[in-house]
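J.: So TrEMBL has the following annotated:
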type: DOMAIN; residues: 6-226; note: domain 'CWH43-like N-terminal'
type: TRANSMEM; residues: 12-41; note: transmembrane segment
type: TRANSMEM; residues: 53-73; note: transmembrane segment
type: TRANSMEM; residues: 94-114; note: transmembrane segment
type: TRANSMEM; residues: 120-143; note: transmembrane segment
type: TRANSMEM; residues: 155-177; note: transmembrane segment
type: TRANSMEM; residues: 197-222; note: transmembrane segment
């Protein structure tokens, strides 16, 4: 039976996210759809054709992110059972997984509802991604420190990334409001426009927050390297494992 290490999931997720941002940024700036300096991540994937690439790649990232969260939940459950932790830790693990799934769903919403067509839905997706994503990172950091027996350097690194995410999230939201984006949302900003400084700070924090999220998922490689994924089996109803003959390998 063919097996694969789960450590590749966060690698694929991070690589797909970086590739998505790099490709859509290059496409949107070369087409002069956004300013080279300080475009929001969503702005780089708003107009055709970059919006098509943006949506497709982020949908893939949403699936990979959800799988990463689920696999890390499996690690969390295994450690809870191995270390004979108390019942509240199991509930906390499920709650953490829920936050991760909501954040992954938010990525898909951001991808498919562009800000120029359905801005309210797009903003809800962004809040789900960054808001619940920040909470998810904090929960994983807490679990790593308190009862999963993670190395000291690992939970400290995760705690730092979670703290940076939280700070950047608050600053991004606050400076979006100060920049007046809710009243005047251009895709290209002129340095002479009112609120440009606030806009620049907000955009910088958004990009930095996204980078920290990607780095956080890369930390999962440390634990997931000890787990493998078996080939998918297709079994007909009523057939016992002894009679099973067909197996689909991916």
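Here the Cβ of each residue, glycine as well, is placed from N, Cα and C on the backbone.
Unlike curated records, TrEMBL annotations are generated automatically.
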J.: Mind checking which residues of the chain, 6+ beyond the ends of the transmembrane segment (94-114), have their Cβ under 8 Å from one of its Cβ atoms?
T.: 42, 45-46, 51, 54-59, 61-63, 65-66, 68-70, 72-73, 76, 121-122, 124-130, 132-133, 135-136, 139-140, 143
J.: Under 8 Å between C-beta atoms and at least six residues away from its ends: which parts of the chain pack against the transmembrane segment (120-143)?
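T.: Beyond its ends, the transmembrane segment (120-143) has Cβ neighbours at 42, 69, 72, 76, 89, 92-93, 95-96, 99-100, 102-103, 105-111, 113-114, 155, 158-159, 161-162, 165-166, 169, 172, 206, 209, 213, 216.
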J.: What is the pLDDT of the domain 'CWH43-like N-terminal' (6-226) when averaged and given as a whole number?
T.: 90
